[in-house]
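J.: Pasting the relevant annotations from Swiss-Prot:
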- 1-19: signal peptide (SIGNAL)
- 20-566: topological domain 'Extracellular' (TOPO_DOM)
- Asn84: N-linked glycosylation site (CARBOHYD)
- Asn127: N-linked glycosylation site (CARBOHYD)
- Asn248: N-linked glycosylation site (CARBOHYD)
- Asn292: N-linked glycosylation site (CARBOHYD)
- Asn312: N-linked glycosylation site (CARBOHYD)
- Asn368: N-linked glycosylation site (CARBOHYD)
- Asn428: N-linked glycosylation site (CARBOHYD)
- Asn487: N-linked glycosylation site (CARBOHYD)
- Asn527: N-linked glycosylation site (CARBOHYD)
- 567-587: transmembrane segment (TRANSMEM)
- 588-602: topological domain 'Cytoplasmic' (TOPO_DOM)
- 603-623: transmembrane segment (TRANSMEM)
- 624-635: topological domain 'Extracellular' (TOPO_DOM)
- 636-656: transmembrane segment (TRANSMEM)
- 657-681: topological domain 'Cytoplasmic' (TOPO_DOM)
- 682-702: transmembrane segment (TRANSMEM)
- 703-727: topological domain 'Extracellular' (TOPO_DOM)
- 728-748: transmembrane segment (TRANSMEM)
- 749-760: topological domain 'Cytoplasmic' (TOPO_DOM)
- 761-781: transmembrane segment (TRANSMEM)
- 785-805: transmembrane segment (TRANSMEM)
- 806-839: topological domain 'Cytoplasmic' (TOPO_DOM)
Amino acid sequence: MRPRATTICSLFFLLRVLAEPAKNSDFYLPGDYLLGGLFTLHANMKGIVHLDYLQVPMCKEYETKVIGYNLMQAMRFAVEEINNDSSLLPDVLLGYEMVDVCYVSNNVQPVLYFLAQEDDLLPIQENYSNYVPRVVAVIGPDNSDAVMTVANFLSLFLLPQITYSAISDELRDKVRFPALLRTAPSADHHIEAMVQLMLHFRWNWIIVLVSGDTYGRDNGQLLGDRLARGDICIAFQETLPTVQPNQNMTSEERQRLVTIVDKLQQSTARVVVVFSPDLTLYNFFNEVLRQNFTGAVWIASESWAIDPVLHNLTELRHMGTFLGITIQSVPIPGFSEFRVRDPQAGPPPLSRTSQRSTCNQECDSCLNGTLSFNNVLRLSGERVVYSVYSAVYAVAHALHSLLGCDHGTCTKREVYPWQLLKEIWKVNFTLLDHEISFDPQGDMALHLEIVQWQWGLSQNPFQSVASYYPLQRQLKKIQDISWHTINNTIPVSMCSKRCQSGQKKKPVGIHICCFECIDCLPGTFLNQTEDEFECQACPSNEWSHQSEASCFKRRLAFLEWHEAPTIVVALLAALGFLSTLAILVIFWRHFQTPMVRSAGGPMCFLMLTLLLVAYMVVPVYVGPPKVSTCFCRQALFPLCFTICISCIAVRSFQIVCVFKMASRFPRAYSYWVRYQGPYVSMAFITVLKMVTVVIGMLATGLNPTTRIDPDDPKIMIVSCNPNYRNSLFFNTGLDLLLSVVGFSFAYMGKELPTNYNEAKFITLSMTFYFTSSVSLCTFMSAYNGVLVTIMDLLVTVLNLLAISLGYFGPKCYMILFYPERNTPAYFNSMIQGYTMRRD
């Protein structure tokens, strides 16, 4: 503590040189315990470079601040109210000592005055735990720069300090400022309220203007950091020159203002956020009026959000919509009358225990200025006033607890700063229906309000239009705003218009808010919660049209009974089944006749039975595929059809052998007959077909699969094979080979006896099958949609009909209509005729 005390002692010389008598009872009220008050009754923004370190500026030479006097009156009112309250600090008189700090120009001298004892001396001690300064606590000052200056002194002595409007986040550092508390929400809450306001009205293209002091720079940086995490962009940021209203601007400063307003005119952004003390804005808004910059939305920081002097520039009503962020309004009963009460008309002050005081305790024009703005102040509600009011009450309640006043009497004793500070941290009471307590950072939970400037005679000049609650971090109670636009439409401030649903953003330039809107392609969608700059592909079972924000399920396509192609194929299959069944009955009844035996005898019944089974399998092609239906499609149906084709091929070969090869190769023919050559051949072909079927099923499986229709991606084709076309080629290969073999042997037997000459019928059946299969393969090579399944089934049924009617039909015709040709004698005569022709 010794180095710090030495520093205080050296500065204390300044205090003793500059002390002078007090002149006005506004600033002093004697009491058992004094509160120090620091208020800006006059303001000067520029540094006082002409003063040396022994000089303190005379605040009365600067511009009067009506708001500052209003806040000082709030402290006086609170102290008077507490002194008249028998339940709070009974028999204890609370006093005050208040000083005008000229905004930032006069802070060190008042704080030294408060720290000194009644003899204006600050003794150097090793331990200040038992030191009693002039005041027990300090209320103020109002801005962050001044608060930090004062807090650096007061924190050395743990003298409680409660600021009512400083919002800098640096003040939350309790290691650096252990004795500092505040009754105003921190800067990050003010910034968040602005951001939520902009998000609510979809303003993502803004301009930021800041003052050149710490307040402007810090808050501008906080806003920039917050916007870096969101979708709001800063078109540009400019620093306003520090110009006081009663000072002449330099040519450079004037040109700077002209340039800034010109830039505002040229920008497409129509929302302007301004972080600046009110005094620097007077000349700026005069330049805005001169250049007639209209149509903007001005968002005011708390430093000028409810400033009556700027509001008095009534021509601003034509410049756009003014919105401000400020502390909630809490009406204080009786304060409106007290604010304009002449202090000389009140009760005379008690004799001071000391005739010494400090300078800057006068404001001759404050009362008159307050009277001129009283209507505005009254209608606007008590906002920052309540922060001063609650700060005084917080100290009073802490002092009440420290003095043990809970039983109706107080024990008056010396109060050490650290003792009172400890009690202030613990206060928790209700004041005008609002809870007063401090969080670990020393902040009090007050919500913020968004106010709109209005200029109607009967209107609230600062009408509340929304509330911001820091704990929930959201706007509530949003009311209609009177926009200064055509038809009262909400102003638009966007670098780019919002993309429609299903459009991605293509960045243009360096700002994420500037972009082009590109439609998402079919099959993709835009998930805005994940990425607004890239369209995502739909899942494999879903699809989307162009410019969609979501995908829809693809329609599953398979043959259905209500479709016309399915009905046609079903009718053909029914016709084939009935005709084949009729042929089977006819052949059964005429089994012993030469016509049936020449057609193959028992082999015919095998073929007809397999044809019936094949017709019965046709319904498995209709409806959604299952494992069982896929098995029938891939195994049972191909096997039946292949055996039928093999029977025809073997039968053709057998007839040729009987009439042409038996005489030339008698030994081979004898083996063919002895070892049942036809059935062995058919068994071999059947086994070969079964092997190919098993290989195909092992390669592809039996579980139904889906594939996208290449002609209509909204459709997903359900099939039994992931590679339906290649599988069909593989299964058809052996059948095509057998058809070629059957056709070849039938052609070789074209000169055989008429009753055994089946070349025409086999040629018809095999040629039809070969042609239809080749056509199907050609169709499938060019088209891979759902029609492939329909064409495959149609061709299959037609091939079955070709065998049923083309091969067996003529024989039934002969049996039924030419029975005289179905006799052994007729067949023998035909064989004899063939033999005679050969000879």
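Note that the numbers count up from 1, one per residue, in the order the chain is shown.
Yeah, the Cβs are placed from backbone N, Cα and C, and that goes for glycine too.
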J.: DSSP on the topological domain 'Cytoplasmic' (588-602): how many residues come out helix, how many strand, how many coil?
T.: 8 helix, 0 strand, 7 coil
J.: Counting only residues 6 or more past its boundaries, what in the same chain has a CB within less than 8 Å of a CB in the transmembrane segment (761-781)?
T.: 645, 648, 652, 725, 728-729, 732, 735-736, 739-740, 742-743, 746-747, 788, 791-792, 795, 798-799, 802-803, 806-807, 810
J.: According to DSSP, how is the topological domain 'Extracellular' (624-635) divided among helix, strand and coil residues?
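T.: Going through the topological domain 'Extracellular' (624-635) residue by residue, I get 9 helix, 0 strand, 3 coil.
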J.: Hey, which of the glycosylation sites Asn84, Asn368 is the loneliest by Cβ count within 10 Å?
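T.: With the glycosylation sites Asn84, Asn368, fewest surrounding Cβ atoms within 10 Å: Asn84.
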J.: What residues elsewhere in the chain lie close to the transmembrane segment (682-702), defined as a C-beta under 8 angstroms and at least 6 residues from its ends?
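T.: Same-chain residues near the transmembrane segment (682-702) but 6 or more away: 603, 627, 630-631, 634-635, 638-639, 642-643, 646-647, 650, 720-723, 727, 730-731, 734, 738.
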J.: Cα-Cα, whole number of Å: Asn428 (N-linked glycosylation site) versus Asn487 (N-linked glycosylation site)?
T.: 49
J.: Rounded to an integer, what is the Cα-Cα distance in Å between Asn527 (N-linked glycosylation site) and Asn487 (N-linked glycosylation site)?
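T.: Roughly 35 Å, rounded to the nearest whole number.
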J.: At the level of the C-alpha atoms, what whole-angstrom distance separates Asn292 (N-linked glycosylation site) and Asn368 (N-linked glycosylation site)?
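T.: Cα to Cα, Asn292 (N-linked glycosylation site) and Asn368 (N-linked glycosylation site) are separated by 33 Å.
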J.: Give the number of CB atoms, excluding that of Asn312 (N-linked glycosylation site) itself, located within 10 Å of its CB.
T.: 14
J.: Find the shortest Cα-Cα separation between Asn127 (N-linked glycosylation site) and the glycosylation sites Asn84, Asn248, Asn312, Asn368, Asn487, and name the residue that gives it.
T.: Asn84
J.: When the Cα-Cα distance from Asn248 (N-linked glycosylation site) is computed for each of the glycosylation sites Asn84, Asn312, Asn368, Asn487, which gives the smallest value?
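T.: Checked the glycosylation sites Asn84, Asn312, Asn368, Asn487; minimum Cα distance to Asn248 (N-linked glycosylation site) goes to Asn312.
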J.: Can you tell me whether DSSP puts Asn368 (N-linked glycosylation site) in helix, strand or coil?
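T.: In the DSSP reduction, Asn368 (N-linked glycosylation site) maps to helix.
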J.: Note the mean pLDDT of the topological domain 'Extracellular' (624-635), expressed as a whole number.
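T.: Overall, the topological domain 'Extracellular' (624-635) comes to a mean pLDDT of 82.
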J.: Can you tell me which parts of the same chain pack against the topological domain 'Extracellular' (624-635), counting only residues 6+ beyond its ends and a CB-CB cutoff under 8 A?
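T.: Tertiary neighbours of the topological domain 'Extracellular' (624-635) are 556, 558, 617, 693, 696-697, 700, 702-704, 718-721, 727, 731.
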J.: Measuring Cα to Cα, how many Å separate Asn487 (N-linked glycosylation site) from Asn312 (N-linked glycosylation site)?
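T.: Here the two Cα atoms are 26 Å apart.
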